[in-house]
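Q: Here it is, the structure in full.
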């Protein structure tokens, strides 16, 4: 989501990086877990409040895609600060993350992010939107092509639509993976546009 709905977009404060999220909290949806989630010994030692920030820090420190995106954003004049631009929160539904334009923060849904690999995909997905906004000054509410392009890039480049993830979502078809992947990367674009009321789903 970019700017305030119904009003003009406000620029960032002096020296504050441009970070906006196009899809009004619908980013990085994951299928709901079936039954009660199994907790391992180590994960049972941490409460949700502790595990989300720890997984985020590990992702920022070790995930090569995240490190590449953070470096690219820094070189584009949009440096990201962990304390300022990331927030672990409890979210409704099965949304895993999104961007809150009113606070310029990537919101990580601590109740829906299941493990370290999932955290890496969500952070990567959201940073792709932030990078698109930084480098291209995307108009999220006025140009649905910008929104769709960013969603397709994020779904494709973040690993959301990998063969393994699609198999876990019970979308089978080894020979037809390219067709399944095409459907996967277009799904978030359609969801974001329908949430904004720009197209009917």
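Glycine is treated like the rest: Cβ placed from N, Cα and C.
Not my notes, these are from Swiss-Prot:
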type	residues	note
REGION	1-40	region 'Disordered'
COMPBIAS	1-10	compositional bias 'Gly residues'
BINDING	125, 129	divalent metal cation binding site
ACT_SITE	126	active site
Q: Which residue, out of the binding-site residues 125, 129, shows the minimum number of other Cβ atoms inside 10 Å of its Cβ in this structure?
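A: Ranked by other Cβ atoms within 10 Å, the binding-site residues 125, 129 bottom out at 125.
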Q: What number of additional C-beta atoms lies within 10 angstroms of the C-beta atom of residue 126 (active site)?
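A: Summing over all protein chains shown, residue 126 (active site) has 29 other Cβ atoms within 10 Å.
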